[in-house]
4 protein chains.
Amino acid sequence: MFNGINDDKLREECGVIGIYKSDTESVAQHVYFGLYSLQHRGQESAGIATNNGTQTHYHKGMGLVPEVFNDETLGKLKGHIGIGHVRYSTTGESYVENAQPLSVRYKGGSISLAHNGNLVNTKAIRSQLEDDGVVFQTTIDSEVIVNLIARYSNDGIEYAIKRTMDQIKGAYALVVMTEDSVFGVRDPLGLRPLCLGSIEGGYVLASESCALETMGATLIRDIEPGEIIRISKEGTFSIYYTKESKKNVCIFEYIYFARPDSVMENISIYESRKNAGRILAKEHPVDADMVIAVPDSSIPAAIGYAEESGIPFGEGLMKNRYVGRTFIQPTQSMRELAVRLKLTPLKQNVNGKRLIMIDDSIVRGTTSKQIVESLKAAGAKEVHVRIVSPPVAYSCYFGIDTPDRTQLLGANKTIEEIRNFIGADSLAYISLEGLVESTGLNNEQFCLACFNGNYPIEVSNI
Amino acid sequence: MFNGINDDKLREECGVIGIYKSDTESVAQHVYFGLYSLQHRGQESAGIATNNGTQTHYHKGMGLVPEVFNDETLGKLKGHIGIGHVRYSTTGESYVENAQPLSVRYKGGSISLAHNGNLVNTKAIRSQLEDDGVVFQTTIDSEVIVNLIARYSNDGIEYAIKRTMDQIKGAYALVVMTEDSVFGVRDPLGLRPLCLGSIEGGYVLASESCALETMGATLIRDIEPGEIIRISKEGTFSIYYTKESKKNVCIFEYIYFARPDSVMENISIYESRKNAGRILAKEHPVDADMVIAVPDSSIPAAIGYAEESGIPFGEGLMKNRYVGRTFIQPTQSMRELAVRLKLTPLKQNVNGKRLIMIDDSIVRGTTSKQIVESLKAAGAKEVHVRIVSPPVAYSCYFGIDTPDRTQLLGANKTIEEIRNFIGADSLAYISLEGLVESTGLNNEQFCLACFNGNYPIEVSNI
Amino acid sequence: MFNGINDDKLREECGVIGIYKSDTESVAQHVYFGLYSLQHRGQESAGIATNNGTQTHYHKGMGLVPEVFNDETLGKLKGHIGIGHVRYSTTGESYVENAQPLSVRYKGGSISLAHNGNLVNTKAIRSQLEDDGVVFQTTIDSEVIVNLIARYSNDGIEYAIKRTMDQIKGAYALVVMTEDSVFGVRDPLGLRPLCLGSIEGGYVLASESCALETMGATLIRDIEPGEIIRISKEGTFSIYYTKESKKNVCIFEYIYFARPDSVMENISIYESRKNAGRILAKEHPVDADMVIAVPDSSIPAAIGYAEESGIPFGEGLMKNRYVGRTFIQPTQSMRELAVRLKLTPLKQNVNGKRLIMIDDSIVRGTTSKQIVESLKAAGAKEVHVRIVSPPVAYSCYFGIDTPDRTQLLGANKTIEEIRNFIGADSLAYISLEGLVESTGLNNEQFCLACFNGNYPIEVSNI
Amino acid sequence: MFNGINDDKLREECGVIGIYKSDTESVAQHVYFGLYSLQHRGQESAGIATNNGTQTHYHKGMGLVPEVFNDETLGKLKGHIGIGHVRYSTTGESYVENAQPLSVRYKGGSISLAHNGNLVNTKAIRSQLEDDGVVFQTTIDSEVIVNLIARYSNDGIEYAIKRTMDQIKGAYALVVMTEDSVFGVRDPLGLRPLCLGSIEGGYVLASESCALETMGATLIRDIEPGEIIRISKEGTFSIYYTKESKKNVCIFEYIYFARPDSVMENISIYESRKNAGRILAKEHPVDADMVIAVPDSSIPAAIGYAEESGIPFGEGLMKNRYVGRTFIQPTQSMRELAVRLKLTPLKQNVNGKRLIMIDDSIVRGTTSKQIVESLKAAGAKEVHVRIVSPPVAYSCYFGIDTPDRTQLLGANKTIEEIRNFIGADSLAYISLEGLVESTGLNNEQFCLACFNGNYPIEVSNI
């Protein structure tokens with residue numbers, strides 16, 4: 001795809017679903033609905049694996065959930081246990097071989113696994129396993145994890161998962177399916193989200209609570225950091241990897257990744273974003289005629305900013321809903337226009353106005369620059385950019401696709417330089433304290449490494 | 001597609017683009033960009049025809065603009081003159097044979113034509129032409145029109161178009177391409193929109209001004225009702241079918257069809273929608289905690305309502321951006337959930353609140369009913385529905401897909417009955433006067449037939 | 001497709017099917033089976049139109065019959081009357097718009113038409129029709145023919161077809177479908193074949209009798225030159241355009257186009273080819289160890305040659321059955337090998353032998369040259385080429401795709417020069433008399449223009 | 001696909017290609033050409049893996065070679081070492097996951113493997129490996145083999161392959177690719193074929209010599225049973241698993257699987273088939289008018305039979321070249337006709353004649369029955385069926401897809417019963433001695449288990 005109309009955003013790498021529903025012969029549609037709601041977490045590939053107690057079925061493919069599955073393929077996915085996965089589309093190589101869930105046979109039977117997150121010691125473990133004669137067919141962490149579980153499975157699958165957690169370091173929210181159970185596993189720091197819901201006849205696991213709604217389930221609670229929850233015909237049963245686990249949830253879920261209608265750690269994403277807008281208004285007020293959002297993710301914050309500041313909220317940018325994954329290669333003269341195809345300034349509403357433009361983050365700054373330019377070209381008298389996160393200055397190693405530090409504006413430029421680069425009349429970021437405050441939790445409960453470089457796990461030799 | 005997640009909306013039937021640009025060898029990308037911006041006017045098929053002075057090329061196909069065209073197909077569309085078309089996806093039969101533009105050879109050379117609108121005397125003209133030995137390969141009006149033009153072409157194409165306008169009755173915005181010119185034609189009542197823009201080296205025609213922006217053109221003005229504008233190497237030249245033409249523009253363009261960033265008859269669509277929200281607030285105030293919109297089209301009106309009423313605007317419904325044209329057939333138990341996949345209540349933001357829900361129109365009422373139910377299920381204490389158009393009570397014959405009168409709630413039920421049907425705590429529609437007022441124009445300038453049955457053209461024997 | 005592995009053959013341009021079967025609700029599968037058997041006559045596109053007395057349905061597309069149709073598309077083609085068409089894939093532009101049958105509405109109702117052949121005065125008629133205001137959407141003759149029929153339809157469709165035949169000149173075998181009948185029409189010279197068969201409940205028309213077999217029908221007879229046969233609930237009824245019509249059937253049907261299991265003018269194609277082989281052996285004997293055929297079309301002639309000469313028949317060339325319509329672009333060094341992918345010499349069977357290689361025709365000679373080379377490379381001591389048709393020296397204007405005269409070896413080189421060009425040890429063609437003799441008919445009954453330039457219709461100003 | 005038009009044949013399960021060519025940057029086209037020539041050995045999936053010394057690339061997919069690969073995908077397969085695979089299409093489930101080559105990372109680097117054949121102790125080895133913690137992602141033998149190699153790789157890859165051969169029992173012709181070499185491996189009984197050829201700058205491996213021709217290579221010799229040949233920049237180097245290895249080549253390669261232009265164990269497939277026809281004529285003469293073949297595989301034998309008996313060879317059955325892998329579901333009344341679509345009797349040539357019909361084998365007899373019926377319906381006076389192999393009475397466990405013994409006619413019926421079932425006037429099979437004699441080799445050199453049940457490897461507990 002022509003890059004000029006891509007967003008300049010950090011990217012979540014996956015979403016997972018798990019379900020055990022004793023009163024049905026097929027949970028495939030439930031998983032399908034759940035994945036549909038998590039589509040924002042990954043658009044590269046999708047997959048579902050199901051089990052009816054004796055046999056595992058799976059189907060996966062490149063593309064969006066409705067492209068990968070149809071009535072026929074779903075119909076073949078028999079079974080009352082199921083897991084699913086959506087994967088993010090990186091710009092580089094993407095193979096169907098790397099799609100998840102990964103289903104394997106091991107001595108204990110069959111096991112399927114889907115993973116959201118990123119391990120930081122994969123290389124070392126792979127090397128160790130290779131020394132033991134293991135061969136790897138993919139480059140995904142799931143293959144490493146499933147090999148460990150199989151190896152440790154002599155004393156039962158729960159124990160095997162626990163021992164696997166001794167080995168792997170990094171961020172992981174896992175759903176694991178066997179012939180009789182589905183497991184939810186969250187890393188000891190809780191870096192990636194995973195929640196539990198109840199449904200008639202069983203239980204559901206999902207990366208975000210918004211998926212529960214569309215599956216007909218009700219949110220019970222988040223899976224705890226370090227918790228291993230087993231769902232089977234006996235109901236739910238939890239063991240903990242460690243009691244000392246400490247929450248370090250990824251704050252970017254609150255800023256951008258999660259859907260506004262999700263609830264994480266008992267906090268409404270929508271509320272926290274609106275709060276952040278209010279705090280931003282207090283921290284960085286500016287006189288203006290209208291508060292606008294870069295759609296869609298920044299709308300709650302813009303509403304919050306507007307309410308706090310008393311400056312009216314309005315729409316200043318139209319998002320073309322039909323811009324998808326294919327686009328022609330524009331000629332030189334059309335390149336600039338291609339950008340506007342995706343986000344068009346609402347000329348009549350911005351012309352002659354002083355605008356406060358709310359965006360959730362700036363990564364490379366290229367899109368921000370283009371938007372500010374197009375607003376000015378549409379007649380905006382002033383464009384004051386307000387960002388609902390601090391400058392992103394460090395790469396993430398826990399499941400978020402960040403560019404090299406060399407490309408991160410926040411790591412290399414002063415705020416004034418960035419303002420100058422994007423052409424804004426003023427630029428301000430929310431403070432880290434303000435951001436944390438917006439959630440109602442405190443600093444210790446978050447991984448804030450992308451802002452302050454304090455990685456909760458050693459990442460020196462990755 | 002499973003109907004339960006379709007919108008209960010009236011549907012525009014087409015969008016058209018025309019361009020003459022003397023300084024290039026290919027305008028195909030310009031037309032592509034323009035059609036991309038008009039995609040909301042039709043998602044069934046797309047087509048482009050170009051001409052380089054000697055040869056006509058065309059490509060059309062079923063699907064969205066980026067699905068129908070790629071670098072290879074666009075690359076073959078040589079020429080400095082071009083027209084394009086997007087067509088709406090009706091639920092019934094849709095054949096590629098009915099895609100437009102329609103390109104034919106006639107005695108004067110080649111002619112291509114694209115049409116937005118609907119003729120009301122097609123049957124009679126077809127019958128007459130058939131008596132003269134004409135055969136028809138499609139069921140589209142364009143084939144009738146192009147046959148008339150060819151027949152009358154002895155005294156030149158302009159005269160032929162004028163004589164054709166003597167024959168055809170109904171709504172039409174046409175772009176017509178010959179080897180040396182592109183024509184824009186608007187019916188004498190101006191029922192369907194068409195505007196003119198300037199671009200380096202030439203001129204552009206488009207159903208909506210939003211397309212001009214993305215083509216790099218600047219809006220000059222609307223084509224007048226009854227105007228025939230010819231664009232060629234001599235520039236633009238206009239003749240008028242009749243001086244007595246009277247504007248009767250379709251008010252639904254302002255309510256729902258047009259993109260908010262378009263300007264029609266010098267009125268900003270965004271502004272008129274926001275105004276309508278304000279007027280609605282004055283006409284039908286109600287005490288509540290939050291004003292929400294049914295996304296995306298009702299957002300400007302909701303903002304207007306909020307500003308006027310002083311009740312804060314907020315988001316109450318999440319639209320799933322990935323719901324496309326394919327969807328599985330949900331089992332009985334999943335059917336209700338399928339609806340929520342598309343529009344999910346923002347539980348945390350609506351729970352316990354008294355809501356004013358702004359929607360642009362109610363046609364059959366089925367979607368409204370589902371939304372109100374889901375908001376209540378999400379904890380909304382009250383849901384007051386406010387509609388930014390009067391009850392739709394009459395079918396349209398001028399290019400809008402309306403259900404049978406028997407299915408129009410507004411034709412068959414009192415407002416109280418409708419309120420009861422959709423389960424709202426209160427329901428109110430903007431007055432026809434209020435709606436007209438929101439645009440700044442007056443009653444005489446609009447076709448309001450879908451509300452009051454006063455058809456500007458005889459439609460008794462269709 | 002990479003041209004190096006294409007055959008150097010003349011190409012038939014179409015095959016047609018017609019059926020009327022009163023005892024069924026759907027003849028679509030019958031037409032499908034018939035087209036399947038005529039696939040060798042055209043691989044570019046396929047189409048079927050059916051009629052149930054009130055409504056016409058059609059489906060057509062690019063590709064082979066099994067690619068264009070599936071259970072779903074066939075299931076929609078309701079009706080007890082049907083026609084079908086397969087079209088040959090030229091290397092140039094091929095549009096679905098040019099696929100047949102062509103279905104139109106005219107004053108008398110609906111009419112569908114499929115055409116095998118080529119008119120020589122299309123241009124003049126089109127011009128005349130254009131003067132009357134007719135517009136043309138395609139470049140196919142069928143559109144011209146259907147316009148004429150519609151124009152003359154006041155006195156009934158039969159009369160209209162007869163009057164149409166007054167106008168059109170050239171080669172045509174037509175099937176025409178109305179709401180109550182299917183017509184078979186053959187040009188007054190019978191240039192292109194068309195035969196009639198009986199089937200339970202009705203009758204069948206087909207370009208070749210081999211299609212009748214697979215439709216469950218029995219051959220009755222060929223349609224006569226100049227005959228118009230109407231099949232309806234009354235049975236069959238024939239009128240004749242002219243009593244003076246004179247048979248001028250295309251002799252290339254016997255040489256190459258028709259399937260060996262077809263019977264034309266009461267002559268078995270297989271037998272006539274075998275006879276031709278025998279006659280060739282008498283005319284041009286040569287001492288050798290084995291007679292081989294260029295598969296598949298030359299096998300009967302090779303068997304005939306072998307029987308007559310007493311030299312054993314054997315296989316010398318393997319045809320790769322999987323070489324289809326897509327192929328990669330081979331690098332320079334692989335180009336020569338690409339040719340052998342399609343036809344591989346059977347090394348073990350040709351090594352050290354003196355071969356007589358039978359081929360049906362030489363057009364440009366490029367493939368012959370490659371085959372002789374590869375046989376020599378495989379160890380053949382001698383390769384004596386014997387051709388079962390005289391040198392092709394004139395272009396065809398009646399429905400066969402021939403290269404320009406400048407590219408026809410037979411028009412520009414002596415036999416010795418051709419022998420030298422293709423590298424054969426000897427080369428001989430059957431005499432025109434011998435070829436005609438092989439069919440059992442006489443000179444007057446054939447169009448032999450491609451060999452002797454005596455065109456049965458004036459073609460000077462095409 | 002509708003089964004009625006499938007052949008009643010045993011099916012080969014795969015074909016493999018290997019190449020090392022030091023003087024190029026890409027061998028992908030060579031492998032593509034080779035696979036094209038082996039397409040008859042497998043039409044389900046195709047795959048190629050290449051290596052340039054540092055990186056492995058691969059591409060595989062469902063379908064025919066030209067469907068799986070195009071210029072773009074081939075272009076990405078960089079490297080001077082390559083292997084390829086085609087796989088047979090079973091009627092059951094076929095997943096892209098089971099396509100080969102299988103490429104993995106192991107401690108020694110990367111290894112890719114393609115396998116033709118079938119192991120008989122897979123289950124036991126898998127179980128053993130699973131006890132060691134190995135997980136399996138596919139159901140193909142290649143995954144078992146590659147795990148063993150990886151496990152034994154400490155002392156070098158050659159040694160690892162040798163140790164792997166200690167473990168696996170069954171039929172296997174392998175090509176194995178590492179970063180610096182390609183290996184050819186043949187099981188100690190030589191059950192499945194594999195040959196070596198020379199090419200400019202390197203060497204080639206292929207299941208059949210016909211592939212060498214189209215790759216531009218020259219046959220050197222067959223890989224010996226039990227031989228491991230390494231091809232690298234040092235040239236070729238062979239080690240032997242065991243000196244006691246005894247040839248037990250599959251005789252069905254000579255009867256049906258291999259292409260006639262291949263040479264195996266220095267025997268021309270074409271010659272051996274023709275010989276078999278001669279011997280069959282001596283063993284089972286019958287008075288008749290014409291010898292016909294069931295095309296294509298039985299033609300050489302039919303020519304041999306004709307030559308020996310003095311009865312002329314002729315064509316009696318037309319094979320439709322366009323019958324592919326998709327076909328509609330015929331209605332009841334069309335079912336019988338569907339069979340004739342594929343093989344149509346050449347009525348004019350068989351009518352009134354006493355025929356000897358040569359076929360290579362009878363498995364379930366259903367197709368034979370249909371063909372005999374259709375020949376009789378076409379007027380054949382007598383049909384004498386002669387089979388160029390003895391009755392197939394035992395299932396194969398070494399890589400050939402045979403039905404259950406219960407469905408094998410040869411295991412359950414007398415010859416007279418079979419004759420009666422297929423409706424022939426007489427039926428005779430070649431003797432096992434005659435068949436072996438046709439190859440010029442002797443009994444001990446073949447696996448004849450499908451005829452006599454003498455399995456060269458214990459298969460009791462599969």
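Each residue, glycine too, has its Cβ placed from N, Cα and C.
Where the annotation comes from TrEMBL, it is an automatic prediction and has not been curated.
Record note: TrEMBL gives B:D359, B:D360 as Mg(2+)-binding, and the candidate from B:S297, B:S309, B:S426, B:S431 in that site is B:S297. The two recorded residues B:D360 (Mg(2+) binding site) and B:C396 ([4Fe-4S] cluster binding site) have their Cα atoms spaced 17 Å from each other. A Cα-Cα distance of 17 Å separates B:C450 ([4Fe-4S] cluster binding site) from B:D359 (Mg(2+) binding site). Per Cα geometry, B:C14 is the residue among the recorded positions B:C14, B:S297, B:D359 nearest to B:C396 ([4Fe-4S] cluster binding site). Taking B:C14, B:C250, B:C447 as the recorded positions under consideration, the smallest Cα distance to B:D359 (Mg(2+) binding site) is found for B:C250. For the recorded [4Fe-4S] cluster site, residues B:C250, B:C396, B:C447, B:C450 set the reference point as the centre of their Cβ atoms, and the other residues of that chain within 8 Å of it by Cβ are B:L191, B:I251, B:F252, B:F398, B:I400, B:L448, B:A449.
Summary of the Mg(2+) site environment: with the site residues B:S297, B:D359, B:D360 set aside, the chain residues having Cβ atoms within 8 Å of the Cβ mean position are B:K9, B:I255, B:Y256, B:A293, B:V294, B:S298, B:A301, B:I358, B:S361, B:I387, B:V388. Sequence-distant neighbours of B:C447 ([4Fe-4S] cluster binding site): residues of the same chain at least 6 apart with a C-beta under 8 Å from its C-beta are B:L189, B:L191, B:N248, B:V249, B:C250, B:I251, B:F398, B:Y455, B:P456. Geometry remark: B:S297 (Mg(2+) binding site) versus B:C14 (active site, nucleophile), CA distance 18 Å. Most other Cβ atoms within 10 A: among the recorded positions B:C14, B:C250, that distinction falls to B:C250.
The binding-site residues B:C396, B:C450 differ in how many other CB atoms lie within 10 Å of their CB, and the one with the most is B:C450. Counting every protein chain shown, the number of other Cβ atoms lying within 10 Å of the Cβ of B:D359 (Mg(2+) binding site) is 24.
Here the Cβ of B:S297 (Mg(2+) binding site) has 23 other Cβ atoms within 10 Å, regardless of which shown protein chain they belong to.
Every protein chain shown contributes to the tally, and the Cβ of B:D360 (Mg(2+) binding site) ends up with 22 other Cβ atoms within 10 Å.
Annotation note: B:C250 ([4Fe-4S] cluster binding site) sits in a strand segment as assigned by DSSP. When pLDDT is averaged over the domain 'Glutamine amidotransferase type-2' (B:14-234), the result is 93.
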